[in-house]
2 protein chains.
Amino acid sequence: MSPDPGRAFAVEPWVVREPRLDLDRMGQVESVFALSNGHIGLRGNLDEGEPHAMPGTYLNSFYERRPLPYAEGGYGYPESGQTIINVTNGKLIRLLVEDEPFDLRYGQLRRHERVLDLRAGTLTREVEWASPAGRMVRVRSTRLVSLTQRAIAAIEYEVEVLDAPALLVLQSELVANEQLPSRDEADPRVEAALTDPLVAEQHRCDEAGATLLHRTRRSGLRVAAAMDHEVHGPEGVKVTSEATEDIGRTTVIARLEPGQTLRLVKYLAYGWSSRRSLPALHDQVRAALAAARYTAWEGLCGEQRAYLDDFWQTADVEIDGDAELQQAVRLAVFHVLQAGARAERRAIGAKGLTGEGYDGHTFWDTETFCLPVLSHLAPDAAADALRWRQSILPLAYERAEQLGLKGAAFPWRTIRGQECSGYWPAGTAAFHINADIADAVRRHVAATGDVVFEREVGLELLVATARLWRSLGHHDSAGEFRIDGVTGPDEYTAIVDNNVYTNVMAQQNLRVAADTAARHARAAAKLGVNAEEMASWRDAAKSMRIPFDEVLGVHPQAEGFTHHQVWDFENTPPEKYPLLLHVPYFDLYRKQVIKQADLVLAMQLRPDAFSPEQMRRNFAYYEALTVRDSSLSACTQAVVAAWTGHLDLAYDYLAEAALVDLDDLAGNSDHGVHIASMAGTWTAVVAGFGGMRMDDGGIVFAPRLPPALSRISFGLKWQGRLLRVEIRPDEAEYRLVSGPPMRLRHHGEPLALADEPQVRPIPALEPVEPVEQPYGRGPKARHPGS
Amino acid sequence: MSPDPGRAFAVEPWVVREPRLDLDRMGQVESVFALSNGHIGLRGNLDEGEPHAMPGTYLNSFYERRPLPYAEGGYGYPESGQTIINVTNGKLIRLLVEDEPFDLRYGQLRRHERVLDLRAGTLTREVEWASPAGRMVRVRSTRLVSLTQRAIAAIEYEVEVLDAPALLVLQSELVANEQLPSRDEADPRVEAALTDPLVAEQHRCDEAGATLLHRTRRSGLRVAAAMDHEVHGPEGVKVTSEATEDIGRTTVIARLEPGQTLRLVKYLAYGWSSRRSLPALHDQVRAALAAARYTAWEGLCGEQRAYLDDFWQTADVEIDGDAELQQAVRLAVFHVLQAGARAERRAIGAKGLTGEGYDGHTFWDTETFCLPVLSHLAPDAAADALRWRQSILPLAYERAEQLGLKGAAFPWRTIRGQECSGYWPAGTAAFHINADIADAVRRHVAATGDVVFEREVGLELLVATARLWRSLGHHDSAGEFRIDGVTGPDEYTAIVDNNVYTNVMAQQNLRVAADTAARHARAAAKLGVNAEEMASWRDAAKSMRIPFDEVLGVHPQAEGFTHHQVWDFENTPPEKYPLLLHVPYFDLYRKQVIKQADLVLAMQLRPDAFSPEQMRRNFAYYEALTVRDSSLSACTQAVVAAWTGHLDLAYDYLAEAALVDLDDLAGNSDHGVHIASMAGTWTAVVAGFGGMRMDDGGIVFAPRLPPALSRISFGLKWQGRLLRVEIRPDEAEYRLVSGPPMRLRHHGEPLALADEPQVRPIPALEPVEPVEQPYGRGPKARHPGS
């Protein structure tokens, strides 16, 4: 329980505790402690606003436009980008203790603790502070962003005077256009700063609350924020409110005797729209606020816990033998839920709503890393995310046409559907995102068996992406179907021919589109699909070129890759990583050096396309080239390491994926948590150690425990059932928690599961040749044996 | 002599005549009529300044810095660009006729003619104009930029009153920070606009002149412009001068009777420096002005003609059978001379000093297209241009280091040596520029036999570039030396492996560097070259990978190129060209479509690397793919078409190269003339129809006349000799105009040449298979038979 001095947080199974305030880690902690329901996101800023690393209040898909400049422009370059912006801050509660503003940088902080409770869904804080004049107070606050009432956040704030009577003033605020710290724009991963993006439209106040309405200057979106308060205190408490264009303020004044407490409950409601009128939006947030007050604080907390109890019944992952990892995996699953729970047909961003990294954009990792997890743990959220993709199809059709292609070309990075990538070799050219979306559809349908979703949502996405591939590729004179000049997942290689990842994913996309269209012939016909077109998809899939290096016996990542010079890892000192900040793309692209799993991810997502021998050889080959300068790699390497028998290595990679934000491994957790790595953590456990795959024959497992762990247990939803799997060193247990009987396979052995749990022995692992990583780039070994 | 109404100019052998004023063609004409000596450039603006398309007064290498913005930055991206700027305009002479400003847009223009005289080196104008009030004047002006006095330009300006007495006011001016028309920034080829770049430092005037000194705001360069005048007129002429920060003005007032003439001679001097003090620069231009006045107008004109007489004795190309082409070829040679004559260790830009296109930058085409011509016609200018490259070696070493390479990496585009390319796939990655510089060295040494140049300049350039190639390439496991991830000349393909052009040029670079170092062992040792290093160059050259498609029997432009999809030319309408403005790079890069000769240029520059059969097959293959969206293509296609027996086609391409600016074929002559295409015009004649090559055995010719022409004659300097070659339908004549006896080969036959001309029959041409261009992209046929 006593924290490692090198870490921000204490290790406990169900909570993340910050035992002391560390100004240097403030940004990381704000991200880890961010609360979100997928619609509203509040960074873990202190109630009083300062000190902070980055204040953050976000609404899903609420953005401002900004110009994208080019030293040398080109046809089809997007001229305008979209950037998530910090909206009206309603978290603020300032405190004055006898003329002294409560500010942790002054006076004496006698005790500071914050706790993110993963079962309660709250962030709690407890502080004892002596003002510079020596007056002692204790402040307790609890914050939640409601998972049940999408528009609502709430804060309970209590001040107790400890030593002598004191006059307290609480100022609970709404602040628009907060002053933000400036950012280091030299790092391409850091978002663009946008100053004062909100234009005031209306401000109102009543006795104990206020409402502010603003619109964005360029994107023309309207946002409303409203607050209301309950005050509990001694006799003579005075409550007043005021509002100006950018500030709403409720002021509570009370004189407290020692031991007395002033308690404030703040209800916050947010709403935004690109179309609704000022009065409509005003009324919408006031109604949400009324409902929240009606539910009351205790009611909101109760709903929150009930929602999470239900979630954890499915989603909990138990890990015995590594307390740090246990905590990290639960935090990871919690943040994935937060990112998607109530996104409701809007995008799930790479950082969720926990920070402004990557401008708040959504990339391919939502479909490749997040949705497969949500399809098993919170299927409605996954379905809604894919419905969002369906809703932006008109933009994707337009983009394809602009690029001279058929079907849909989804944006590489976006908030609302428009392409916002300003570097096409790693943006537009990364067409694999379209196959990744199709794969998420396929997995979701397999996981849920939801035929209505398949017909109404999945089919259109599959058809649109299959058409893209059919027009993007071509048959060469030997009859092979080639996809030239594209970029795969690995961003240290770009604009290549026949990237194996892209080709195997496109192949599956084409096949699944044809099969799905055949199953829903009438719906497919409405989309203009006919037998000829389906045949052309199947034909392209069948003749898809998959390059193979016969000399080395491995798949080249793309045509010619294995002929390139191998990066000089021995002479690359640690401070040169991440390489993209110290080496030109020119040099990275033409050498064998891999930022993130590419061919290895192809093996994870299309294991059917590789023989076990190929998988082993490929994994060993690419391990030696992969530097993991991206957080989208360790989880994939964990899965394939586990599949190829490198259990200790898989364990090390799992830990790296899981701890990315708790230990700030990428050094940029202050910009928001890494939702994909967190989702990949679950996948590393379930697909990696659990060996879970879904194929035409159903769901299969091939569980194996790494030596350091004594037990893993995980649950997942599968076609209307709740299934729990427990892996022990020598055996695995399958339990059907709810739902009708089912069949599965355990290490290839068919198994019928009904009321009774089934236990099966785990076959012995065949010894494997060790693999090596590039010099200095191996994962941190979690114990001497690994 | 009567002009084609579709053309701006009349056809005459030695002059370019504009017979009438066409406001729509003003920009093109300003470029074609630009006068320059390589140090100063004056666009062909009207004396009175307006109307204009783009006023332009340029000084070689005088630039302003501007930021290069990126939507997404990257390591090694240049942050700052360099842009040529319009300096103090000294061409201005305004005229007031009885209160009416002389402006061709008002009143009546009774006659207008301008003549660029290629032997006199002057631009002459003659105008008869009736003012809106009906007063008639005749204005004659002659302008020159002195080829003998580098800092000097001069204008003779005469006004004659034709009908009735009139009071005339002449204002002869220097104007800094002229107001410029705004430009269409959507076209990446159009330069960035820079407003008011000059900061005034000093202004002075005396009785008949003025001096203005300014410095640039950001690049910190200082420029001085000074003028002085001679006035010849009737009694009572009054001359006064004044100066303010941005304007110097000499005013001449005279009352003229009909038939009387007011004559003004304006002497202009320019100087600039990054280091010299204000007084030093002031005195420098005043001294230049004094020298010019001492020489006087007639003296300057005489020197100019003598200089050009001498030049034309070598450089004249006579073409019998196509008067238009005759004129165009002479204009082309004239502009190439103008661009380089007095550049003197500064860059020769892609537009010379005739416009602001491409920001005034210098690219690879200086070395590949221009210098081989200058080495034969004005060798000192070629040597100086290469000395400029030597002078920027420190910056090129620095850039190589930044890119992780050894040796020198010359900038893709620059004015003063710093890389200014804002799009690395077609900038930094186009490493071939380094081999192109080495090739210019090799050609210059071969053409001049200048051993001192070779030792003092050439060697260092060859060593620096050879080192670059040695570090850029690597040996693969089969022992082949590969150069991966670079971009060749064709800008519709980028970031490829083993571009054949790059590899054969690098191969030669490595070989020639080793040979040259061996010849100058002591100088090479000073550069740190030892036998091991030379061996490593020779080894890399020997094992250089040159991909070949055995199935098609052609060289792929780069690895895998021939497997790509062929562009759908049939469905590409004419308005979609140039493709780069209507199609994303993404689509261009991955398909078989070629902007400009790449493999075909490799065959032109390294004919020794291809068998005749390969040359024929390759030419036919690439003809069908090349759309010539660049002006750097027709001249090369002309050469190789001639070599492969396609004489009519070669003739069509020659005409296209020659007429690029006279007929504004690229539609952008207003941004400046296409110096490389003009130089390539000479090469198309001499290397194409003349079959001129230089190899280890000396100089060889294989002349052939296209059927449409009855005679071609050209001259060139070769190792201290002046040689003239005349091609007639069935025979060729070689004449040694000056210099010691020499040997050459004629269609393979050795031939000794001394005082007596030698005539040899031209062997019959074997019939060849016709070749085809992409749909709609063939060159304009010059006559029905072609």
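Indices start at 1 and increase along the chain as displayed.
For all residues, glycine too, the Cβ spot is worked out from N, Cα and C.
Curation does not apply to TrEMBL; its annotations are automatic.
Per TrEMBL, the features are:
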DOMAIN    A:18-273  domain 'Glycoside hydrolase family 65 N-terminal'
DOMAIN    A:330-683  domain 'Glycoside hydrolase family 65 central catalytic'
BINDING   A:Trp364, A:Asp365, A:Lys595, A:Gln596  substrate binding site
ACT_SITE  A:Glu491  active site, proton donor
DOMAIN    A:692-753  domain 'Glycoside hydrolase family 65 C-terminal'
REGION    A:751-786  region 'Disordered'
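Mapped onto this structure are the features recorded in TrEMBL.
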| residue | record | Cβ contacts under 8 Å, 6 or more apart |
| --- | --- | --- |
| A:Trp364 | substrate binding site | A:Trp412, A:Ala430, A:His432, A:Ile433, A:Asp436, A:Ile437, A:Pro489 |
| A:Asp365 | substrate binding site | A:Ala350, A:Leu632, A:Ile675, A:Ala676 |
| A:Glu491 | active site, proton donor | A:Ala426, A:Leu580, A:Lys595, A:Gln596, A:Ser630 |
Cβ packing number for A:Gln596 (substrate binding site), 10 Å threshold: 22
Confidence summary for the domain 'Glycoside hydrolase family 65 central catalytic' (A:330-683), mean pLDDT rounded: 97
Other same-chain residues whose Cβ falls within 8 Å of the Cβ centroid of A:Trp364, A:Asp365, A:Lys595, A:Gln596, the recorded substrate site, in sequence order: A:Phe363, A:Thr368, A:Pro489, A:Asp490, A:Glu491, A:Ala597, A:Ser630, A:Leu632, A:Ser633, A:Ala676
A:Lys595 (substrate binding site) CB neighbourhood, other CB atoms within 10 A: 21
Most distant Cα pair in Å, residues A:Trp364, A:Asp365, A:Lys595, A:Gln596 binding substrate: 16
In three-state DSSP terms, the structure that A:Asp365 (substrate binding site) belongs to: helix
Helix-strand-coil residue split for the domain 'Glycoside hydrolase family 65 C-terminal' (A:692-753), DSSP-based: 0 helix, 40 strand, 22 coil
Local backbone state of A:Gln596 (substrate binding site), from DSSP in three classes: coil
DSSP three-state assignment (helix, strand or coil) for A:Glu491 (active site, proton donor): coil
